[in-house]
Amino acid sequence: MGNIRETFFKKTCSEEIQLVLASASPRRLALLAQIGLDPHQVYATNIDETPKLREHPANLAKRLAKEKALKAQETFLWCNQNGKSNASAQKIVILAADTVVAVGRVILPKPESEDQAYECLRFLSGRSHKVYGAVCALNECGKITVKLVESRVRFRRLTSSLMEAYLNSGEWEGKAGGYAIQGKASAFVVHIAGSYSNVVGLPLAETMDLLTAYQYPLLSNWVAKTL
C-alpha cells in the first residue's frame, strides 16, 4: 500500500478534479445538490465514532470528519489498486463531515432505539444545545484541512404526547441528537443562531470556502440551463 500511496499522491494531471464524498448520508447529498454539486463518487465510511474520555464535542466532530476523509482515501486507493477505478491519474478532493449535538459537554448519541431517542428529546426539551459541524477536505497531494462550525438551537418544551408522536414517525433514526431539523422536528425549534445547513448536516458556506481553496470549480455548475 505504501508504494501505491506514494505513486497516487505524486501524480498530477490537468483533467477535471473529482469530488469524492466520504458519506452516504442523503441529507449531505441533498445539501450539496443545493449548491450545484454532484459528487463523482460516494463512499460510506465505517469508523468508530465513540468519543474519547473527556473529549470536547468540537474536538470529536473535527476528529471524526478527518478520520472519515482518511478512511475514504484508503478505500479510493484500494479500489484503484484492484482495478475498480480508472481515476489513478485524477486530481481529487475528498469531502467528509461530521455532526455532533451536545448540551454543554454532554454529547448526545445517534440513538439506536426509541428509548435512546426519547432520552435525547427529553434532555433537549426546553433547552438550548449546540450543534458542532466539522467539514474536512483532503486532496491527492495529501493536503488536509478541517473547518468547524457551531450553531445554537433552542427547543420548546416537549410534551409526552409530542415526543411519542415524533418517536412513532421514525424520523429520529440515524440522526445526531435524535432529531432532524429539516423535518417534523422543525416545529420544536424556537430559536436558532448560526448556520442552518450545519444543523441539517453540512455547513454550506464553509464547504464552499474549502472547495474554493482546493481549486474545485464549484461555480462552473452555477449556469442557467436553457430549454
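Just so it is clear, glycine is given a Cβ too, placed from its N, Cα and C backbone atoms.
For Asp98 (active site, proton acceptor), the same-chain residues that are 6 or more apart in sequence and have a Cβ closer than 8 Å to its Cβ are Glu49, Leu60, Ala61, Lys62, Leu64, Ala65, Lys68, Gly133, Ala134. What Swiss-Prot records for Asp98 is active site, proton acceptor.
Look at Swiss-Prot and you will find Arg27 (among others) tagged as site 'Important for substrate specificity', backed by sequence analysis. Under the three-state DSSP scheme, Arg27 (site 'Important for substrate specificity') falls in the helix class. Take the CB of Arg27 (site 'Important for substrate specificity') and look out to 10 A: across all protein chains shown you find 18 other CB atoms.
Under the heading site 'Important for substrate specificity', Swiss-Prot lists Thr99 (among others), citing sequence analysis as support. When other Cβ atoms within 10 Å of the Cβ of Thr99 (site 'Important for substrate specificity') are tallied across all protein chains shown, the result is 27.
Annotation comment: Swiss-Prot describes Gln182 (among others) as site 'Important for substrate specificity'. Around the Cβ of Gln182 (site 'Important for substrate specificity'), 16 further Cβ atoms fall within 10 Å across all displayed protein chains. Reduced to three states, the DSSP call for Gln182 (site 'Important for substrate specificity') is coil.
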